[in-house]
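S.K.: One structure coming up, written as structure tokens, with questions to follow.
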Amino acid sequence: MKFGNDYDTLEAFRDGFCDLDSTNHSVVYGFLIESYCRKGMFDKSVDIFMHVCAKGIFVSPNVVYLLLGSLVDSHCADVIVDKYGELCSAMREQPFSVYEFVMNRFMNKGEVEMGLRFHKALIQGGFGLDIITCNKILKGIWMQNDIGVADDYFNMVVRIGPKPNVVTFSTLIDAYCKEGNLDKAFVLFDVMAGNGVAPDLIVYSILIDGLFKAGRLEDGQRLLLVALDKGIKLDVVGFSSAMDAYVKIGDLGRVIQIYKRMLNEGISPNVVSCSILIKGFCQNGRILEAFGLFVQILKLGFEPSILTYSALIAGFFKSGNLRDGFYLYEDMIKKRCEPDTIVYSVLINGLCKQGLVGDALRFFFQAVNRGLSPNVFTLNTLLDSFCRLKCIVGAMKVYYLMGMLNIKADTVTYTILIKGAAQLGRVDEALMLFFQMLKKDFKPDVITYCTLIDGLCKLKKSSAGLCIFDFMCKNDVAPDIAIYNVLINMHSREGHLEAALGLFVHVVERGPKPDVFTFNTMICCYCNFKRLDDAVQLFAKMTSEQLRPNAITFTILIDAFCREGRMDDAMLMFSKMLEEGPEPNLVTYSCLIHGYFKSQSMMESGLKLYNEMLENNIAPNIVSYSILIDGLCKRGLMKEASCAFRCALDKHLLPDVIAYTILIRGYCKVGRLTEAMMLYDNMLLNRLTPDHFLERTLEEYQLKKAGAIHLCA
């Protein structure tokens, strides 16, 4: 017997089988459909499928997936459109959407146009598509990180149907917010209103959250109020988002305001909103209120989260209360709230900031034993602490430890090491680390460059600093204002006024925008060159540009006026400072007092100002005591000067060589050489080396008062 090809066999099998009146042969029918599909005979597959549907025979969903998939892959979507009604009817008993399957298949294959044409053909064919399914397709496209395709699909749905609902709009609005494209999200918000779809809680929450995360706090606050005015009852998530945004910029007042509004709206806080408020309190040093809220969380029956613990522990550590911070850590362990990397980093960072680097390192190893997976942030914290203590050996050990733990160093790691080496004056090591960083294909950022340039400039290696600056610009790293401040300050210190002024004009005209430090540096530069009128003009320009001067700005100008003997102008500037803020500090008072004491006729004003400083609870340091002693010595009030000197000692302020010299010279001037030499001996006992000025003073009075020194021998 001679058989034909596979096709003839399948045909004969199909014809014979279809004549049987049976409903129990779904497996065989499935086999036939699958076989024809594999042979590329899609018309036959569809015929058998329609026959099966007409007979009411169940077909496995896998067979249907194969049939539809084969038709899509072979660009036979028109066949699906022609038989769409029958296909949907056949699958009505199954949790299966023909439309969803076909659209997902097209999108996964990247055949977007084919998918859009399929949708359009179904609409034009009069098939009523389900918007819920369309929303699922839209979300699926966006989840594949293709916002452009999602937008095309959305526009087609809006244009030809089915009619979009609030979920359709919220899906794409959420996508644009997460992409950071808030302008496009608000365009959709407007389109939504134009289509007669009222925004709901979810839409407002998405937009409010997007605005706050983008730092557009006022816009977010406005939209929140609009939502409330429209009767939208925002949930605790929306309010928490607003609170978190203001915590990040340190505006605790607004955080409390939003929290109270939430309570007034009848919304109960949850552990997240309470934790955010705790964080806000802790950041502002209001640790008692933070702890009170923590107790309230426990009373409400909430389980404190890792966020709650980390915020409160950070607050305790910030206030220097390590004991209570570690008590909370132990409480976490007891309650089986396993600390994460953030909590451990807070604890290690807290110990480091208190200078307890050895304890921090021991705690780090304990944490690793408890299951901590150390990351580069934690080790960078330890590294930075060793560098701050100027222990470069310890820092390098932490660096080698990173390698042992298979933790890759990052740009921050190298920046910390470069800063540490530069602060110790080890320029060659700092440069070596920088070039090692480049060799390992790390991209130094603007902070790295600023750290290295600042270190070189402070060590009077200005040529090397400028070379690094040029290298940075050639590598397309845009310098920020901090780098320009370093360079302007360098030129100022080296007496290059025109170079400093040139850089200042550059940032004013081209950017980056100058800050208070930029103006302070340039004002100081003018003062050093005795161009006080130019400094005053620059101060006026600064205030006209809505840049608020700080205490340093005022003190620089007050000191310059005092040095030139213009005490009236100095007091006018001081009065302006008192009226407009900021509050004067110890240095400000010291400059003024010194200015008054230089003039014999104004001694009383200097003493009055000194008393005013004490009344304002500004504690004098050894410099301000030296100024007071100098003023008293100039008036010959040696008893009072000696009393001020002893007062400094009583306050555990160790006099420096300048303080000793002032009092010794004062005793010499009034002929009390014995006391002068006793004070000199006391200075030597305290291991202070006399400077040239003091030696000259003693020699001068030894010559004038022969034999006086012999009396003290």
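Backbone N, Cα and C define each Cβ position, glycine as well.
TrEMBL feature annotations, pasted as is:
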type	residues	note
REPEAT	25-59	repeat 'PPR'
REPEAT	200-234	repeat 'PPR'
REPEAT	235-269	repeat 'PPR'
REPEAT	305-339	repeat 'PPR'
REPEAT	340-374	repeat 'PPR'
REPEAT	445-479	repeat 'PPR'
REPEAT	480-514	repeat 'PPR'
REPEAT	515-549	repeat 'PPR'
REPEAT	550-584	repeat 'PPR'
REPEAT	585-620	repeat 'PPR'
REPEAT	621-655	repeat 'PPR'
REPEAT	656-690	repeat 'PPR'
S.K.: Taking the repeat 'PPR' (621-655) alone, what is its mean pLDDT?
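M.R.: Here the predicted model's pLDDT, averaged over the repeat 'PPR' (621-655), is 79.
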S.K.: How many helix, strand and coil residues does the repeat 'PPR' (305-339) contain under DSSP?
M.R.: 26 helix, 0 strand, 9 coil
S.K.: Let's see if you can do this one: DSSP helix, strand and coil counts over the repeat 'PPR' (235-269), in that order.
M.R.: 26 helix, 0 strand, 9 coil
